[in-house]
Amino acid sequence: RLIMFVGDPSSSNELDRFSVCPFSNDTVKMIFLTRENRKHDFYTLDTMNRHNEFKKSIIKRPVVFITHGFTSSATEKNFVAMSEALMHTGDFLIIMVDWRMAACTDEYPGLKYMFYKAAVGNTRLVGNFIAMIAKKLVEQYKVPMTNIRLVGHSLGAHISGFAGKRVQELKLGKFSEIIGLDPAGPSFKKNDCSERICETDAHYVQILHTSSNLGTERTLGTVDFYINNGSNQPGCRYIIGETCSHTRAVKYFTECIRRECCLIGVPQSKNPQPVSKCTRNECVCVGLNAKKYPKRGSFYVPVEAEAPYCNNNGKII
């Protein structure tokens with residue numbers, strides 16, 4: 001079957017006319033993980049109350065939302081590895097957001113790249129969905145906003161940003177932190193703060209840049225880490241280099257969760273200091289503890305080609 005589109009599929013009128021990628025709450029599925037329950041069962045907004053965690057009157061665990069990017073899913077191995085690393089590190093409630101139906105990559109896998117603009121058009125709606133779940137956590141389960149952190153890759157980074165904007169509109173306050181893993185560049189590079197992930201979307205917004213084409217070189221957060229100058233990651237071959245570099249952001253962050261050594265961010269300048277001379281007042285470790293370091297701004301991060309990727313044994317003096 002041949003599907004042909006005439007006009008701009010990013011236009012809301014065109015999307016409505018063709019129903020390319022219709023959004024509803026049922027197009028977003030969730031996996032809830034804790035140390036006690038690691039089953040990758042899918043839940044919807046209507047069925048989430050069946051999970052043991054939501055049979056409680058109060059949820060005391062810190063909450064981490066993980067949102068995948070275009071053409072991916074919550075069960076993709078890199079996100080499963082991230083969730084496992086988080087559960088090993090702390091007693092979290094992890095909410096893995098699966099929005100592949102809203103990106104049309106589930107129904108039309110062979111044509112998935114045709115639907116990028118349609119997926120972009122649904123990012124704010126998926127963000128609003130996450131905000132709705134956050135509202136439920138705060139109001140029904142007494143989870144403080146300071147206990148909620150969002151992690152998103154590529155389009156998932158912008159989805160997380162839109163969720164951060166929406167909870168503020170709902171007068172819930174700000175999320176503790178949003179971590180954008182190589183936020184998608186196409187359709188977002190020139191957008192102002194209201195139309196992309198932005199430093200005002202949470203109390204602390206951490207951005208990892210790993211691909212200059214699929215991602216963006218633009219500063220977006222409280223801290224922006226330009227890993228290997230933000231492009232051409234070591235160990236990524238030329239032919240699939242951009243996709244590999246784009247995905248490396250997820251792998252880097254997972255290693256930062258999993259291991260004691262950190263990826264060290266050195267303040268960007270014409271003559272950046274070597275990581276061997278980094279101090280806690282000048283440099284920042286990428287990862288869950290980044291906001292404990294006082295420095296803000298843009299940082300250069302040297303990495304190795306293989307895991308655990310850290311340079312200088314990941315030590316700050």
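The backbone N, Cα and C atoms fix where each Cβ goes, glycine too.
For Cys198, the disulfide partner recorded in Swiss-Prot among Cys193, Cys236 is Cys193. Among the candidates Cys236, Cys256, the disulfide partner that Swiss-Prot records for Cys244 is Cys236. For Cys283, the disulfide partner named by Swiss-Prot from the candidate list Cys262, Cys278 is Cys278. In the structure as shown, the Cβ atom of Cys236 (disulfide bond) sits within 10 Å of 21 other Cβ atoms. Cys261 (disulfide bond) falls outside any helix or strand according to DSSP and counts as coil.
Neighbour counts were taken as the number of other C-beta atoms within 10 angstroms of each residue's C-beta; across the disulfide-bonded residues Cys193, Cys310, the minimum falls on Cys193. When the alpha carbons of Cys21 (disulfide bond) and His246 (active site, charge relay system) are compared, the span between them is 24 angstrom. It is Cys261, among the recorded positions His246, Cys261, whose Cβ has the fewest other Cβ atoms within 10 Å in the structure shown. The Cβ of Cys198 (disulfide bond) lies under 8 Å from the Cβ of Gly161, Lys165, Val205, Leu220, Gly221, each of these being in the same chain and 6 or more residues away along the sequence.
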